[in-house]
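The structure that follows is given in the form of structure tokens.
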Amino acid sequence: MSDATLAARRPWVAGGPRARAAGIALAAGAAAALPLVAGDPFVVYLATLVGIYVLVAMGLNLLFGYAGQVSLGHGALVAVGAYVAAVLTTAHEWSFWAALPVAMLGAGLVGSLMALPALRLSAWYLALITLAFGMVVNGLLVEMRAITGGFSGIFGVPRPEAGGLPLDDAGFFWLVLAFVVVTYLVLRNLVRSRVGRALISVRDAEEAARSAGANTVRLKVFAFFLSAVLAGAAGALLAGLKGMVTPDDFTIDFSVFFLLVVIVGGAGRLGGPVVGVLAFFVLPELLGALAEWRLLVYGAALLVVAVYAPHGIAGAWSRWWRSRRPPAPVAGCLPDPPRPPRRDALSLTARGLVKGFGGVRALRSADLAVPAGTIHAVVGPNGSGKTTLLNTITGYVRADDGTVRIGGRAMARRSPDRMARAGVGRTFQTPRLLPELSALDNVLLGAYARERSAAVVIAAGLPPARREVAALTAEAMAYLRFVGLGDVAGQQAGALPHGKQRLLEIGRALMARPSLLLLDEPAAGLSMTELDALGRLLREIRADGVTVVLIEHHIELVAEVADAVTVLHEGATLLSAPPATALTDDRVLDVYLGR
Ligand SMILES: Nc1ncnc2c1ncn2[C@@H]1O[C@H](COP(=O)(O)OP(=O)(O)OP(=O)(O)O)[C@@H](O)[C@H]1O
């Protein structure tokens with residue numbers, strides 16, 4: 001389970017967050033004492049280097065571990081930070097402190113450019129593009145001799161000063177440590193917030209993030225930017241520590257090293273980067289002879305991790321730790337949540353929708369008219385275009401022709417996240433959940449577009465953000481109970497039985513407080529008891545002021561709950577009528593029975 005899980009952070013889990021905070025303070029305190037107890041200055045130098053590498057790895061972990069975006073060019077982003085700082089402090093005689101934010105911003109901007117291919121490419125192509133990017137940057141460092149000093153690099157980079165004097169080894173170490181601790185705390189706040197849930201959703205189920213109103217393009221750019229800012233900070237610190245920069249410091253190996261650190265340490269685990277750097281850098285360094293065998297050690301470690309600990313060392317540790325503790329007692333420890341407020345249902349009208357996929361005409365001329373506050377079923381044989389109709393209405397598929405009006409307003413070419421923000425919720429034919437997160441976290445994702453706290457307020461862990469999360473958590477519990485899942489709030493969504501996963505998706509959709517809810521085959525795979533519960537649930541949702549569109553093969557359920565039925569056949573609307581009429585119509589029986 002990811003760090004963003006419930007048990008790890010809820011205040012009502014005994015010994016949870018307090019014990020962790022104490023652990024972090026203890027670890028930081030012990031690390032801070034290192035320069036005082038270490039006799040050898042090389043150990044302090046090594047520890048400073050570890051801190052700098054951890055910074056880079058923490059940024060890459062946010063990008064790769066949480067948001068699922070591969071980067072094999074992170075070494076180049078470190079290089080950008082290092083060279084910006086080196087040029088500004090030497091050629092332009094800026095102080096380190098003035099150069100540092102410019103280095104961070106410079107790397108951040110370059111990182112944002114790296115995000116552009118990520119908006120279109122799959123993981124493996126992205127890996128190749130970022131690898132090529134790293135090679136190009138390395139080439140530029142050599143070629144742009146007038147600025148970068150070519151092969152010889154730049155020498156005489158000054159250390160940061162405090163009180164007019166350059167920091168000594170211990171002071172530099174403490175500076176890096178402060179960076180690491182602050183970054184850790186900020187990232188911790190971020191990944192456990194709506195931002196973290198949305199990033200994980202980009203990684204595990206991008207459609208889910210969009211159905212909750214998240215702009216996934218912005219999220220990816222944000223992840224690249226923040227990750228690159230950290231790489232830039234690390235680069236500037238590295239230049240200050242070594243007093244020089246050369247292109248040899250930033251070869252492809254350097255980028256690969258960080259990706260391996262994140263994978264072996266535990267991608268998507270907050271502690272992963274620390275564990276990874278310690279395992280990959282310090283251990284071989286300490287075991288002197290092993291340092292020469294580093295590549296072999298890397299390869300072997302990767303193999304072992306891939307086979308025995310797919311979630312990295314930190315993942316294996318947290319799995320073992322959780323197996324020794326009882327599940328988080330969430331439901332019983334929360335106050336009774338308020339009843340979610342009633343909404344103003346929206347009507348839906350679709351006219352003449354046409355959609356082709358190459359030679360296949362999924363929709364030829366589909367019409368749908370759903371009055372506000374009703375349950376409207378869409379039925380039809382397999383391949384008749386029901387899901388395409390739903391995808392077209394919700395913006396996941398762009399119609400070739402036709403119009404959609406919701407609540408009387410035209411919804412031309414709106415993206416899924418904008419549709420979600422306009423009050424249109426949906427579920428998917430195959431549930432799109434965040435399998436590693438708890439059921440409660442999955443429902444909380446639904447509130448993404450409703451949360452008001454700015455990312456900065458969340459990152460700083462300020463009280464307004466915490467108050468908002470507490471209120472939304474209570475509301476999410478209300479929805480979990482509403483869909484009958486109050487007792488599994490703390491369980492991993494991926495471990496729930498199929499029927500419960502479907503109900504959980506409905507809970508997440510409701511959490512966004514939609515006025516129109518489109519459900520794609522919610523009854524598929526449900527037991528008889530679950531089907532009864534679903535029928536009751538749908539009626540209650542309607543009573544709460546939500547218009548429901550139900551794509552369903554389960555005719556008994558349709559007959560029981562629907563106010564009206566639209567029958568699709570070969571991408572066109574065959575008829576719309578009350579269930580008793582529609583389901584006994586000869587034309588409908590003909591298309592179902594293939595007569
Ligand atoms: N992305 C796509 N690319 C190519 N063809 C597609 C795509 N999506 C749907 N189709 C095709 O369009 C037609 C309608 O598919 P759709 O999934 O909308 O039907 P459906 O009524 O929901 O079917 P089912 O009840 O089996 O889910 C099918 O022939 C399908 O193969």
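Backbone N, Cα and C define each Cβ position, glycine as well.
So TrEMBL has the following annotated:
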- 21-38: transmembrane segment (TRANSMEM)
- 44-64: transmembrane segment (TRANSMEM)
- 71-88: transmembrane segment (TRANSMEM)
- 94-116: transmembrane segment (TRANSMEM)
- 123-142: transmembrane segment (TRANSMEM)
- 170-187: transmembrane segment (TRANSMEM)
- 221-241: transmembrane segment (TRANSMEM)
- 256-283: transmembrane segment (TRANSMEM)
- 295-317: transmembrane segment (TRANSMEM)
- 348-595: domain 'ABC transporter' (DOMAIN)
Count, for each of 21-38, 71-88, 170-187, 221-241, the Cβ pairs lying under 8 Å from the transmembrane segment (256-283), and report the range with the highest count.
71-88
Quick test of the contact rule: Cβ under 8 Å, at least six residues beyond the ends. What residues does that give for the transmembrane segment (21-38)?
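Apart from its flanks, the transmembrane segment (21-38) reaches 44, 47, 169-170, 173-174, 177, 181, 184-185.
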Would you say the transmembrane segment (71-88) and the transmembrane segment (170-187) are touching, if the rule is that at least three C-beta pairs must lie under 8 angstroms and be 6 or more residues apart?
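No; fewer than 3 Cβ pairs under 8 Å.
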For the transmembrane segment (221-241), which partner among 71-88, 94-116, 123-142, 295-317 gives the most CB pairs under 8 Å?
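By the under-8 Å Cβ criterion, the transmembrane segment (221-241) pairs most with 94-116.
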Under 8 Å, at least three CB pairs between the transmembrane segment (71-88) and the transmembrane segment (295-317) (pairs 6 or more apart)?
no
Where else in the chain does the transmembrane segment (295-317) make close Cβ contacts, counting only residues six or more beyond its ends and a cut-off under 8 Å?
257, 260, 262-272, 275-276, 279-280, 283-284
Between 0 and 100, where does the mean pLDDT of the domain 'ABC transporter' (348-595) sit?
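Result for the domain 'ABC transporter' (348-595): average pLDDT 92.
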